[in-house]
Structures are given as structure tokens and as C-alpha cells.
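First the structure, then my questions, so here it is.
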């Protein structure tokens, strides 16, 4: 009986402080139900690696974020996400990158990344960014060149160009396949009147002069 309490404490602490390697790796896709035994083939939750003898320095370089995206659309914005699919050097590193270009009064509508947090660096221009936690609280900031903001994993967030010129941001996400869950695109078609109305209300940020974290009278509240 004297050994019972120390033994229980040992197992409890062991469970709490067990090495991370004992836990499962995060999934790289939305769903992955197990195939029946007769149907099982080789299917990687990721990509096969090159043979070490064929790896080159060029595998770790990309120019995919070198150019601005096309802003000729109703949102006046462009997001270029680069994952391990496009950039082989990212495979197994748990990283992805993105470039976002936004014209004046342009927006990136509310969306989330189910498998990654996002760290965004403002390269040029001025933007309003924000995200909602699971209780609906808004965390919002106006950012200028050189400033950084973080969007926590899975939380709905948005970006709006608050300046008079184009804005550019670069992001790093901690998954090689972050995924994008577009809130409005999941509910409405791109030519929906509701979607256009939502975008128009977001553009009222400048007129309303919202202060940081002020949730009163949000422009997309119906």
C-alpha cells in the first residue's frame, strides 16, 4: 500500500510529461478513413522523399512568391499559397508560405486554416487584420510596413487594405498543407448577392473608424 501512492504519481506524471514522439502526428488532409484490408494500397499522408544522393540546393529555393497576384476581381485581392506540393523543399518540414496582395479597399474575406497557425509580415502598405476566438471575441489591429500579426490555428480571420496604395503581406504557416476553409465561399456562390453585400459591409471599416477589438456594429453583422 505504501508503494501504491508513489506508483500512481509516477504513472500520472509520466502521462503528463510523456515525450511528444509518443503522440500522433497532425493530419495533412481533411479526412482519411481507413481502407478495408483488401483495398489497402500505398498512400502517404504527405509525399515520398528524394534519395539523399539526388538532393540539390535548388530543391530549397523558390520564386513562386516573387510576383504580385492578379487583383482584377471583385475582392481586389490575391492570395498565393505555396505548399509542399509546389515547393518540394517544404516536404516533411511542417511549413507552408503565402503571399497576399490587396488593392486599395480590397479585402481577403473571412476564412480559416484548419491545420495551421499563420504568422503574417506586412511587406508594404497598411492593412486591418483580425480574428475571432471560439467565444466570438474579436482581436483586431491596424498594421503598417514591417509589423507582424499571428492568426491562431483554425480561427476565422480576415485582412483589409486600409491605405491609399496597394499592400503586400508574406505569411508562414506551420503545416505543409494548412488547408483553407472559406466561410463565405462555403455558404454562397461567388456571384451571390449575399457575398457582395458582405464584402461591401467589410469595406465600411474606414468609414466607421473601428478601434482595436471593438466588436460593436461590425460591418458584416446582419
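These residue numbers are counts, starting from 1, taken along the chain as shown.
Cβ atoms are placed via backbone N, Cα and C, with glycine included.
Small disclaimer: the values here were computed from a predicted structure and weren't measured.
Per TrEMBL, Mn(2+) binding site is recorded for 111, 113, 118, 157. Annotated oxalate binding site per TrEMBL: 113, 118, in sequence order. What TrEMBL lists as disulfide bond is 32-49. Under the heading domain 'Cupin type-1', TrEMBL lists 72-196. According to TrEMBL, the signal peptide annotation covers 1-23.
Walk me through where these features lie, including what they touch and how far apart they are.
Less than 8 angstroms from the CB of residue 157 (Mn(2+) binding site) sit 110, 111, 112, 118, 129, 130, 131, 132, 151, each of them six or more residues away in the same chain.
A simple way to gauge crowding: the CB of residue 113 (Mn(2+) binding site) has 25 other CB atoms within 10 angstroms, across all the protein chains here.
The Cβ of residue 32 (disulfide bond) lies under 8 Å from the Cβ of 45, each of these being in the same chain and 6 or more residues away along the sequence.
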Please determine which of the recorded positions listed here (49, 111, 118) has the lowest count of neighbouring CB atoms within 10 Å.
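Comparing Cβ neighbour counts within 10 Å for the recorded positions 49, 111, 118 gives 49.
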To the nearest Å, how far is the Cα of residue 113 (Mn(2+) binding site) from the Cα of residue 49 (disulfide bond)?
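One finds 25 Å between the Cα atoms of these residues.
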Using the centroid of the Cβ atoms of 111, 113, 118, 157 as reference, list every other same-chain residue with Cβ within 8 Å of it (recorded Mn(2+) site), in sequence order.
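Result: 112, 116, 131, 151, 155, 156, 178, 180.
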